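Visitor: Mind having a look at this structure? Questions to follow.
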Amino acid sequence: MEIDIKNLNTASEFCPQCGNMIEMPLYSDKVECSKCEFLCSVLEYKCAPIVSRIEFNQKKQWLEQYRASQNKKIHGIEEEDLEDKHKHKKATLKQECPDCGHDTLYFWTVQTRSADEGSTVFYECQDCKFKFTANN
């Protein structure tokens, strides 16, 4: 059976006889279908190039919102949840607030990173409620 090679234009990776996917030979000069009896020369077999194109436009607004929400979270714990959770367990420290100069800060620690790394220390001014963190 003869098959016209001109019909192999855009669907060149499929057998024109049975529709099976054709693998290009590594060491042979013949292209043959593994399912049926289709056979042709590699020189006659026209492969259509596969071209992928990705355009990166402006970042999507939802992505920016998602990233902003992730920045507010500390490994799944919202800052407000931390405040409520530690409201009655906060220790005090005689240290000056970097924002208002008050001499006493609340502090508490949370393991926000892996277990083999230090914990994160949260500080809050008793007077102005300014919050900041330090990694141990």
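FYI, residue positions are counted from 1 along the chain as it appears here.
Each residue, glycine too, has its Cβ placed from N, Cα and C.
For reference, TrEMBL lists these features for the protein:
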BINDING   Cys15, Cys18, Cys33, Cys36  Zn(2+) 1 binding site
BINDING   Cys97, Cys100, Cys125, Cys128  Zn(2+) 2 binding site
DOMAIN    93-133  domain 'TFIIS-type'
ZN_FING   15-36  zinc finger
Visitor: State the count of C-beta atoms found within 10 angstroms of the C-beta of Cys125 (Zn(2+) 2 binding site), not counting that atom itself.
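Guide: Result for Cys125 (Zn(2+) 2 binding site): 21 neighbouring Cβ atoms inside 10 Å.
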Visitor: Excluding Cys15, Cys18, Cys33, Cys36 themselves, which residues in that chain have a Cβ inside 8 Å of the centre of the Cβ atoms defining the Zn(2+) 1 site?
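Guide: My list of surrounding residues reads Pro16, Gln17, Gly19, Asn20, Ile22, Ser34, Lys35, Glu37, Phe38.
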Visitor: In Å, rounded, how far does the Cα of Cys97 (Zn(2+) 2 binding site) sit from the Cα of Cys15 (Zn(2+) 1 binding site)?
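Guide: For Cys97 (Zn(2+) 2 binding site) versus Cys15 (Zn(2+) 1 binding site), the Cα atoms are 75 Å apart.
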Visitor: Would you list the other residues of this chain near Zn(2+) 2 - those whose C-beta lies within 8 angstroms of the C-beta centroid of Cys97, Cys100, Cys125, Cys128 - in sequence order?
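Guide: Here the nearby residues are Pro98, Asp99, Gly101, His102, Gln126, Asp127, Lys129, Phe130.
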Visitor: Just checking: which of Cys15, Cys18, Cys33, Cys36 have a Cα that is within 10 Å of the Cα of Cys128 (Zn(2+) 2 binding site), counting only these binding-site residues?
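Guide: The binding-site residues passing the 10 Å Cα test: none.
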Visitor: Identify which of the binding-site residues Cys18, Cys97, Cys128 has its Cβ surrounded by the largest number of other Cβ atoms within 10 Å, counting every protein chain shown.
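Guide: That would be Cys97, with the highest Cβ count within 10 Å.
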